[in-house]
Structure formats: structure tokens, C-alpha cells
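Asker: Pasting in a structure now, in C-alpha cells, and then I'll have a few things to ask.
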Amino acid sequence: MWEFSVGLYMVSVWPDSLLLAAIYGAVESASTALFGPIIGGWVDRLTYVKVLQLWLVTQNLSFIIAGGAVIALLVFSSLKFTNLVAFIALVILTNISGAVGVLSTLAGTILIEREWLVVISTGHPPGLLTDMNSVIRRIDLTCKLVAPVITGFIISFLSLKASAMALALWTSISVWVEYWLFMSVYKGIPALGESSLRRISKVSSSNVEESISASQERNSSIANDGENSAATGKSSVSTVIEWISKVPYIDAWRVYLQQDVVLPGVALALLYFTVLSFGTLMTAVLEWEGIPAFIIGIARGISASIGIAATVVYPMLQSRILTLRTGLWSVWSQWICLLLCVASIWVKNSHLSAYMLMGGVAISRLGLWMFDLSVIQQMQDLVPESDRCIVGGVQNSLQSILDLMAYVMGILISNPQDFWKLNLMSFGAVTLAAFLYTCYLYRIRKHLFHFDKLIPLVQWL
């Protein structure tokens, strides 16, 4: 609900400009880019129950505060003229609260998608993990389908203020249901409790080893105190390098870059350097074009429906052509669908252009979510258990860095009339992602197509 509504709120607070919407998106993405790797390490060190509690309380409280700040901005719409300091303070509060909410959501995503699913599927046939990934994505996309439609109708037939109030109220109620549902899963599957205990014991033993190592280093330093200054200088340099390598953020990136799935991860992240989604910027542009909020909500719902179809198609396709080639087909099918968005640039009728844009984005979701599922499964299969949460955090951080770049471009190109430039940049990023993944697949398989199987088909035709 918040993801869909925030762009409409911002363009209403500051009409005829994408500036506030772009700034919000930039703050949100920057926070994930900066703190994503740290969040992954944090999830790796706490018990499952503690992560659940901190995640749900922080997430829901943040969105309640953000909703309250938006209500104040909408009710006192003249603040930017009468009390600029109060106006800026409310905008900052909205941005910070939204960013904290998204960060806490990231912790939950890493816990459930990168950890719980793998633990639950351990000891079962490989197809179970594929099916569970698809079901989890289907739940997510169903929410993306229902929430915008409901919110769009509230905005169109009541008001923006009513939608912000509904968001704050819903968030206050749903936190209790969320916690009960997750705890039911945790208590109902013993493997999760056992995995949580293993993680904590691993962290405890690691802390003990670090303490012993630090003590030995101090003793060694005292024993060698009388050595020459050159040796001391070298020791200091190596100590600084070692200290930097142990900084959580840098260490997390080091772990990520050592994985075999770096290239697919980068390709997936490139798809986030886009305004061709029903995100803050595109929603704001459609609103500026005069498209009613409930129409935007319905279009976003159709997009989510197509995404849900992807979660049904993916397991069937993956079982026939395997995970790697499913990713190849998916990313290039998305590229083909987005050609409709590029074609919309040259359409003179603004409403027709907007509908072509929405149509191209909606149908491209089939390829996007199948590619997303393919890359996630490759990471689940190939990343060691000890690195899973950290790699998940860095992957989300990398995606947010590219997302941030898209919002920065939105700040630099804030005139809605110039949206076509952002459209072309987004299409270029998808093209690069498709080529990167193609190169990765060729490096692994040494071929892209089975031409020997195509020849009989061509002869038959």
C-alpha cells in the first residue's frame, strides 16, 4: 500500500514536479544500499525469533509514523508557503520513516526467502524449493495486486488523506496477525528452531576465537616491542588492512564477490536501474498525465496478476529446461516486452502513450519475476549456508544502489515531459543485463542453444 501510494502523495504535495517523489525514492534506495550488507550480517547473528520481533515492530511503527507525517502534509497543504521549516521537517520525517520501514522489511525478506525456505526444504526433493520460491513470490505479488487496487479506489473516490489514514490503521492492526502467523510456522517446523540454535552457537564460538586471537596479537605485540621501526611500520600497515577487511560492510562485499553467482546477481540488480515499473516515479508521471488513480491501481494489479502467472509458469519451465536456461529465456522475453515502452515515446497522444507504457511494463513482469526466481534459486543452490544471509543482504544492497541511481536520474530529470529520457536509460539497463546473463550462461555451458535439436525442426517446417 505504501509503495503504491507514496508517489501519489509526493506529487500531490509538490505538483507538476517529480522532485519530491525522486528524493523519497533516492533516500529509500540509499538506505538499503548502505545498510543492506550490515542488515544481512545482523540477521545472521540473531535468533530467528529476535529477528522476527525487531523486524515487525520496527517495520510497522515506521509506516505508522510515515502515514501520520503524510496526513499532516496533506491536511496542512499551505505549510510550504506559511511555515517552510515545518514543511521540510515533515518531508524529512516521511523520508526517514519510510526508509527505516523498508530496511526492516529487508531483514524479514532475507530471513524468510534466503534462510527459512532453504532450511524447510532440506532433506526433501529439489523441486520443493522451486515450488516454495514460487509460492512465496505468488503471495507477494497477490498483495501487490490487491493493495494498489483498493488504495487506488480510496484515493479516487474518497481522498489521499483517507488512503493515508487507512494505511496507518491497517499497519496498526496487521502487525499482530503477522507475528502470530510467523511464530506458528516457527513452532510448527522443528528444523527452524534447530537451525536457529546452530547459528547462535556458531556466532558464540566465532566470538571466542576472535577474543583469543586478539589476546595473542596483544601478547605478540608486547614481546616484539623492541624490534626496529621499519618492521613496526609494516606491522601497522598490515594491521590497518586487516582491520579494514573486517569492517562488516567491506567483509560482506568480499564474501559476495567470492561467489560463483556474482554475474547473475549483477544482471538482476541492473533490472532495478529502471523507471519502467509501477514505482514512485512512473506512478507520479501517470498522475501528471491525468490518468485516474484507480486506473493506475488496476493497471498495477494487472501487472501483479501477470507476475503471479510467472510463479506458475516458472516451476513448469524450470523442470524442463533447468534453472540456467529459464533465466536466459526470462530476461530476453522481458527485453522484448519493454520494446512497447520504447515505442510509446513516439506516440503523439499522451493518454495513448501512457496506456502503451503501462501495457509494456505490465506484460514485462512475466519475464522479470521468472528471472528473479531463477537468480534467487541459483543463489540458494550455490551459496554456502554460512554465507547465505550475508549474500542476500549484499544482493539487496546492490539492487538498491541501481535503484538509487534511477532516482538520482529522476532528480536530475525531474520534468515529467522529459520522462522519455528515463525510459530509454531503463531499456538500456535491461539490454545490458540480458547480455551479461547471456555471457554467464555461455561461460558455464559453452553454448546457448542446442542447434542439433533445432535442425530436425527446421527440416520438418
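The count begins at 1 with the first shown residue.
Keep in mind that glycine also has a Cβ here, set from the backbone N, Cα and C atoms.
Straight from TrEMBL, here's the annotation block:
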type     : residues : note
COMPBIAS : 216-232  : compositional bias 'Polar residues'
REGION   : 211-232  : region 'Disordered'
TRANSMEM : 20-42    : transmembrane segment
TRANSMEM : 54-79    : transmembrane segment
TRANSMEM : 85-112   : transmembrane segment
TRANSMEM : 141-158  : transmembrane segment
TRANSMEM : 164-182  : transmembrane segment
TRANSMEM : 261-285  : transmembrane segment
TRANSMEM : 291-314  : transmembrane segment
TRANSMEM : 326-347  : transmembrane segment
TRANSMEM : 353-376  : transmembrane segment
TRANSMEM : 397-414  : transmembrane segment
TRANSMEM : 420-442  : transmembrane segment
Asker: Quick one: do the transmembrane segment (20-42) and the transmembrane segment (326-347) have at least 3 Cβ pairs under 8 Å, skipping pairs fewer than 6 apart in sequence?
Answerer: no
Asker: Hey, would you say the transmembrane segment (397-414) packs against the transmembrane segment (141-158), going by three or more CB pairs under 8 A that are 6+ residues apart?
Answerer: no
Asker: Can you say which of 54-79, 141-158, 164-182, 420-442 has the most Cβ pairs under 8 Å with the transmembrane segment (261-285)?
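Answerer: The stretch I would name here is 420-442.
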Asker: Short question: which residues 6 or more past the ends of the transmembrane segment (353-376) have a Cβ under 8 Å from it?
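Answerer: Here the qualifying positions are 113, 133-134, 137, 141, 261, 264-265, 267-268, 271, 276-278, 282, 286, 289, 291, 296, 299, 302-304, 306-307, 309-311, 313-314, 317-318, 323-324, 326-327, 329-345, 347, 423, 437.
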Asker: Are the transmembrane segment (164-182) and the transmembrane segment (54-79) close, by which I mean at least 3 Cβ pairs under 8 Å that are 6+ residues apart in sequence?
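Answerer: By the criterion, they touch.
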